[in-house]
Amino acid sequence: MSMTDEKRPPSLSSDEDDRELVALGYKPSFKREFTNLATISFAFSIMGLCSSVATTFNTPLLLGGPSSVTWCWILGATMCFTLGSSIAEIVSAFPTCGGLYTASAQLVPKKHRARVGWVVGWLNILGQIAGISSTEFGLANMILAAVTIGKDGNFEITAGKTVGLFTGLLIIHGLLNSIATRHLASLTKGFVFVNLGATFVIIIVLLAKTPRSEMHAAGYVFGSEGIVNQTGGWNTGIAFLFGLLSVQWTMTDYDATAHISEEVRRAAYAAPSAIFIAVLGTGLIGWLLNIVLVLCSGPLENLPGASGSAFLEILALRAGKTGALIIWAFVCLTAFFVVQTALQAASRTIYAFSRDGGLPDRGFFSKNSTITHTPLRSIWLTTIVSILPGLLDLASPVAANAIFSLTAMALDLSYIIPIFFRRVYENHPEVMFRPGPFYMGDGLLGWACNCMCISWTLFVVVIFSLPNIMPVTADNMNYASVITVGVIFLASAWYILGAHKYYTGPKSNLQDDSVQVITQDILPTRKDKMAAA
């Protein structure tokens, strides 16, 4: 059965969603418990605006200065919007839990499907694992920073404490992700309100508690006064561009919503719409948050303070210790939600990759629990593997920070490959791209978004490969590029030496008899519909 030639009906109900999935070549394996609200909440939660900014705020502020915080955010957010829109377009056409991994192999001729699927699959898995690890690592540091503030600086943060807390939190998330899909959907519905609610509370409190006389001038927030190069050797232009890490790390993992699309109602509509809304909302609200943080930040020389978190120090300066810690609890809760959603999405990717023969496990990790109807095996594989990058902190805190760059690099590279091939082969007889309900068209708008996001991603990958501090030593080296290239090299070698013999790219898991069961039992036939009418 072809996965690209079948004409797919519109998704109007859970049953028709399942039939559409069959037309794509996959047997429905999950219960569709995610409503529109839960899906939008999931998309917002994967970005975790206030917690993600809190985790990465030090980088633009302390490398390029306050103006780097302000302008790099809106510049990066604009480019991320073009990437998010391009991804949403593909997700609408291929709403499967494999996300862009599955789509990438369907957007090229048959002879290229295995190689393209293999590279995109491994890049996407690498990026998602790094995303889980970096967010959990950031959460561990945020909790320890709160302890430091609570004890008035009389608390020492060590690598052992950080890694221990990081590991414990990941195990908790593994346990939470093991529950049934309906419970995950119920939990997810409230994520967006905590995320955006905490963000607006921070904005209001900072503006209300900062005397007008202590607010920085516009030249400091937006102008040349706010460009402060603290890299130790890079020119000011490069130092300024390091500020892009915050927005690019925050606004990534767009396709996480696609990975739960087999659990979403009206997936071809809901999943891309959620991506579009979340990217636009996160970009604009995030810019406002960053402007207010810089405006109310106080003297730059006092940051990041004893806690090591400039964001928390600014809150403590304006809201006092007690007020700051109360707000910080909700920021940490937002980060907790981010890991929850990211782990869920990543486990579905590994489930799909195993289902397609991309892992040497004979499909072991592509099995669902008969009790929870969730892929417990892939959930715990994801949890255990996500612990490994955090162990870098035991060697060097600077080396551990490379996982933030690694997340943006690997994920965004995995995104632009299918976007590129979607344009190159859209009219190829073996592809014939059929757009879903979310479609930017073949005119200038669609082409401009696709070309801009590809060019931008290649540009930021270069920036994120550079070490942040000069001179470069073994301790402050940026290992993100080394890890990314290393994974691509090892995956390619594995494919050439043996994997090509059994991996043929994303493939149907349907047998003729299962197709018949699904099309007859899940949906009424045309004859039945006519009789019912």
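Cβ atoms here come from the backbone N, Cα and C positions, even for glycine.
Residues 227-247 are the range that TrEMBL records as transmembrane segment, among 227-247, 500-520. Beyond its flanks by at least six residues, the transmembrane segment (74-101) meets 11, 17, 20-21, 24, 26, 30, 107, 117, 120-121, 124, 244, 246-248, 251-252, 254-264, 267-269, 271-273, 275-276, 278-280, 282-284, 286-287, 348-349, 351-353, 355-356, 412, 414-416, 418-419, 422, 433-440, 446, 448-450, 452-453, 456-457, 460, 506 of its own chain at Cβ-Cβ distances under 8 Å. Contact check: the transmembrane segment (122-150) against the transmembrane segment (227-247) gives fewer than three Cβ pairs closer than 8 Å, residues 6 or more apart, which falls short of the contact criterion. Most Cβ pairs within less than 8 Å of the transmembrane segment (442-466), among stretches 187-207, 227-247, 478-497, belong to 227-247. Nonlocal intrachain contacts for the transmembrane segment (227-247), taken as residues 6+ away from its ends with a CB within less than 8 angstroms of a stretch CB, comprise 52-53, 56-57, 59-60, 62-69, 71-73, 75-77, 80, 283, 286, 290, 300, 404-405, 408, 460, 463-464, 466, 468-471. When the stretches 34-54, 162-180, 268-295 are ranked by Cβ pairs under 8 Å to the transmembrane segment (187-207), first place goes to 34-54.
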